[in-house]
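Taken straight from TrEMBL:
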{"type": "DOMAIN", "residues": "56-444", "note": "domain 'SLC26A/SulP transporter'"}
{"type": "TRANSMEM", "residues": "59-80", "note": "transmembrane segment"}
{"type": "TRANSMEM", "residues": "86-102", "note": "transmembrane segment"}
{"type": "TRANSMEM", "residues": "109-128", "note": "transmembrane segment"}
{"type": "TRANSMEM", "residues": "148-168", "note": "transmembrane segment"}
{"type": "TRANSMEM", "residues": "175-195", "note": "transmembrane segment"}
{"type": "TRANSMEM", "residues": "215-243", "note": "transmembrane segment"}
{"type": "TRANSMEM", "residues": "255-276", "note": "transmembrane segment"}
{"type": "TRANSMEM", "residues": "313-332", "note": "transmembrane segment"}
{"type": "TRANSMEM", "residues": "344-361", "note": "transmembrane segment"}
{"type": "TRANSMEM", "residues": "381-402", "note": "transmembrane segment"}
{"type": "TRANSMEM", "residues": "439-466", "note": "transmembrane segment"}
């Protein structure tokens with residue numbers, strides 16, 4: 001089953017025409033139906049739901065995902081520096097909203113460690129820990145209330161930004177966050193998460209920091225105060241979680257469902273802590289009593305808005321980019337479309353509602369979405385069932401988690417970082433594949449580590465745009481004698497008198513001189529020098545130069561003057577840009593390298609045949625240069641037709 005939202009303007013200009021144009025205000029039934037289907041995707045897929053075939057799979061998937069969502073909500077609340085119970089709100093409300101407005105069938109909406117840490121950075125900056133030593137219950141409660149309000153306000157504002165971007169059809173912004181940038185950023189965020197959880201694993205009174213080195217220094221300055229019981233518990237839980245997750249990965253094809261290790265460890269740790277009475281015997285930090293039920297919705301703090309605009313924008317963009325990337329993977333795997341603009345609207349409304357009920361920012365956790373998909377989830381019915389599981393914990397059985405150690409939650413949070421930490425292996429792969437992408441990864445990682453997640457992200461995006469300019473202005477030329485590692489020229493050879501020269505970037509005003517210089521280098525001689533020698537041999541060059549009869553021009557026309565024909569393959573929009581003139585003609589351009597080479601060979605055959613030789617010839621041209629076009633289409637055509645070129649020769 002698949003559906004496609006019909007209300008999808010392709011560009012910002014189209015969106016503006018719809019918003020202000022006459023057609024937007026028309027009230028025809030067809031128009032209303034299109035708008036409704038676009039804004040409420042549930043109208044399309046729910047009536048077509050295959051109840052008998054899918055309901056059992058969705059129920060099983062929803063129960064498994066809900067249990068993971070409960071534990072991750074509690075664990076990721078520690079990253080936000082708010083009481084654990086508020087993580088359950090972040091796992092509940094956005095899920096309900098996404099059920100109605102989302103377009104992906106498989107992602108699980110709720111807390112994500114990177115976003116939780118970004119919200120936590122704003123929280124600790126505006127509401128620092130009590131450094132005066134007044135650790136009374138009243139003072140701690142007041143600080144927690146203030147922090148909850150800051151987290152909710154930042155979440156609300158990020159939701160507003162996402163909603164506005166979705167309404168204005170700015171879903172295309174995700175293309176400016178490349179895979180290498182997202183990978184480097186999330187890896188750096190994993191390091192931040194790892195460092196931030198040290199104080200819970202060791203149970204040290206460490207204040208929050210937005211940069212990891214501050215908290216590392218603070219942790220090691222108080223390392224002698226470590227609670228041994230918490231440290232041992234953390235290490236044991238972390239080891240078991242990593243081992244079982246590795247088993248899940250290796251034998252996922254044989255296992256009917258992944259082993260729910262987070263759930264098992266939580267239940268076991270809570271039971272041991274309760275019966276052994278860890279809190280009194282070893283003075284460990286526990287979750288404590290969770291608030292039952294829901295609090296009344298509250299208005300956000302406008303004062304927080306003014307101080308956290310940058311944080312909210314970063315949270316909005318990162319949350320959307322991560323969620324849409326995961327949604328795109330599953331949409332391709334299961335063959336259905338996802339709408340980036342509608343996803344922005346869904347997540348924006350989810351964060352607005354979640355923030356109103358004192359939750360914090362939501363996106364999708366990779367591990368939780370993996371559970372929902374791998375356990376047989378077919379639609380967001382599984383998502384709504386997982387929300388029901390969270391609801392049961394909030395209303396009825398949350399008290400059972402009171403004796404659970406916070407160090408266990410910290411270990412569970414770290415156990416979910418394995419995939420992100422393993423992204424370090426991508427550096428070597430990127431270096432071999434594309435050095436620019438590798439540099440982007442490293443710069444993004446270092447910027448997020450040293451400058452913090454918010455400023456680091458802005459720095460990484462700016463650097464990535466700079467690499468785009470550099471790539472365009474200084475492309476890497478390639479010839480058959482020196483093929484690139486992707487082997488664009490596999491199976492292609494150069495006939496005598498033919499030079500194939502490939503430029504990996506669009507040719508425009510900023511790189512035309514660079515392109516000309518590299519072309520001359522690839523050919524092996526300067527056409528200007530040959531031109532001068534030829535005219536000198538004719539003993540007319542000095543007179544012609546003095547009289548102005550001969551001019552040295554800066555364009556490709558230099559090769560034409562010495563009877564070297566230029567053939568360019570597959571360049572677009574040249575005629576509209578008035579590129580052609582008397583010497584640069586459309587007949588020089590071909591769809592592929594293959595076509596250009598065949599044309600040259602045919603022309604040489606005609607020229608060498610007395611019967612087919614044309615009456616008039618432009619000159620004794622027997623040298624040719626082929627310039628493949630740039631971009632993905634050129635690469636695909638080159639690889640696909642490479643064998644045809646070789647096969648066409650005797």
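Yeah, the Cβs are placed from backbone N, Cα and C, and that goes for glycine too.
Panel annotation: around the transmembrane segment (381-402), residues 49, 54-55, 57-59, 61-63, 65-67, 69-70, 73-74, 84-85, 88-89, 91-92, 95-96, 98-99, 108-109, 266, 270, 286-294, 372 of the same chain, lying at least six beyond its termini, place a Cβ under 8 Å from a Cβ of the stretch. Across the domain 'SLC26A/SulP transporter' (56-444), mean pLDDT in this model comes to 86. Residues 60, 64, 67-68, 71-72, 233, 237, 240-241, 244-245, 247-248, 284, 286, 370-371, 374-375, 400-401, 403-405, 408, 412, 415 of the same chain lie 6+ residues outside the transmembrane segment (255-276) yet bring a C-beta within less than 8 angstroms of a C-beta in it. The stretch from 59-80, 86-102, 215-243, 313-332, 344-361 that makes the most Cβ contacts under 8 Å with the transmembrane segment (175-195) is 313-332.
Long-range Cβ contacts of the transmembrane segment (148-168) within its own chain (Cβ-Cβ under 8 Å, at least 6 residues beyond either end) map to 12, 15, 80, 82-83, 86, 119-120, 122-123, 126-127, 298, 300-301, 304-305, 308-309, 311-313, 315-316, 319-320, 341-362. Sequence-distant neighbours of the transmembrane segment (313-332) (same chain, 6+ residues past either end, Cβ-Cβ under 8 Å): 103-107, 109, 112, 114-115, 118-119, 154-155, 158-159, 161-162, 165, 171, 173-174, 177, 179, 182, 185-186, 338, 340, 343-344, 347-348, 351, 361-364, 366, 369, 373, 453-454, 457-458.
Within its own chain, the transmembrane segment (439-466) has Cβ neighbours under 8 Å at 114, 117-118, 121, 176-178, 180-181, 183-185, 187-189, 191-192, 210-212, 310-311, 314, 317-318, 426-427, 430, counting only residues six or more beyond its boundaries. If you look at the transmembrane segment (215-243), the same-chain residues 6 or more away from its ends with a CB under 8 A from one of its CBs are 195-196, 198-209, 261-262, 265, 269, 278, 282-285, 405-408, 410-412, 414-415, 418.
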